[in-house]
Amino acid sequence: MKATLVLFLLAQVSWAGPFEQRGLFDFMLEDEASGIIPYDPDNPLISMCPYRCQCHLRVVQCSDLGLDKVPWEFPPDTTLLDLQNNKITEIKEGAFKNLKDLHTLILVNNKISKISPEAFKPLVKLERLYLSKNHLKELPEKLPKTLQELRLHDNEITKLKKSVFNGLNRMIVIELGGNPLKNSGIENGALQGMKGLGYIRISDTNITAIPQGLPTSISELHLDGNKIAKVDAASLKGMSNLSKLGLSFNSITVVENGSLANVPHLRELHLDNNKLLRVPAGLAQHKYVQVVYLHNNNISEVGQHDFCLPSYQTRKTSYTAVSLYSNPVRYWQIHPHTFRCVFGRSTIQLGNYK
């Protein structure tokens, strides 16, 4: 009888199929046979895991499930909620009730066009909110004051209101690229309410000038792929903490005299793929600029003192990368002493004009 039982069990094992991964967390679990956590009436937190979602270590993953609305209940100790790549169209009030410990909310690549003003009210610890690739026409009202990172690129946003950002003093990163924004739709000083903001990206929009009234705390400003035609000194006034300025792929023809003096701590200047006719004034006097990208412009002449001071005194910080290739100027037309303050031959990229 025992022999028969053993043979039966062996047969059951031999009929079992190979391991098949069902979810992201399968290889993280030690006690479960799959990433699907079973219903457990004795553990209310596990039992609250939404159907077809995966819950583990305070992380709830409900991505790529074809959901058309937010599931009605989550474990209350959830810290990260992933709802990306679904078909959610609206975030209603109460959608995230009781999620007082939530730190990260991912709603990328849905069809969200409407968010209730009270939708995020329960999220008193939310730090990161990702709403990119949706159909939002305006920013949600009453954002949590605890937010540190907000990403809203590739939506349909046309206006930035000052009232939306007031009081968001913990915000560090904001991404607004890929929206049909125009300068007329950006309220003057709209972003000034974020006193600790360090990084802004407003790329691939319809803006024609650097937005006015940006927070003075910014260290990185990315405005690539817009329709900016000119950099004037006033637009950079007060930006004393700016270390990286990205203005590639615009239509800039001139950088006004005195502009670089307003950004005394600038280290990287990206002005490639524009319509510049000359090297921006003020580079030689700037103490900290290390990287200057000027390739793919219309620069036909490089002056002997455009990059270095007239004397042979060394700069406080040396250039590490200067690109001038794909400009009308020929390398043999540039005076041999033009880059006298640069150390390292590989630092300068001249190339040929095509």
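Backbone N, Cα and C define each Cβ position, glycine as well.
When Swiss-Prot is consulted, the disulfide partner of Cys62, picked from Cys49, Cys53, turns out to be Cys53. When Ser14, Ser34, Ser47, Ser326 are looked up in Swiss-Prot, the one carrying the note O-linked glycosylation site is Ser34; the rest have no such note there, which does not rule it out for them. Outside the repeat 'LRR 7' (208-228) by six or more residues, the chain places 177, 182-183, 186, 188-192, 194-202, 234-236, 238-252, 270 with a CB less than 8 A from a CB of the stretch. Long-range neighbours of Asn241 (N-linked glycosylation site) (same chain, six or more residues apart, CB within less than 8 Å of its CB): Thr216, Ser217, Ile218, Ser219, His265. Across the residues of the repeat 'LRR 12' (330-354), the predicted structure has a mean pLDDT of 82. The Cβ of Asn257 (N-linked glycosylation site) has 12 other Cβ atoms within 10 Å, all protein chains considered.
Cα spacing between Asn298 (N-linked glycosylation site) and Asn257 (N-linked glycosylation site): 18 Å, rounded to the nearest whole number.
The two recorded residues Asn206 (N-linked glycosylation site) and Asn257 (N-linked glycosylation site) have their Cα atoms spaced 25 Å from each other.
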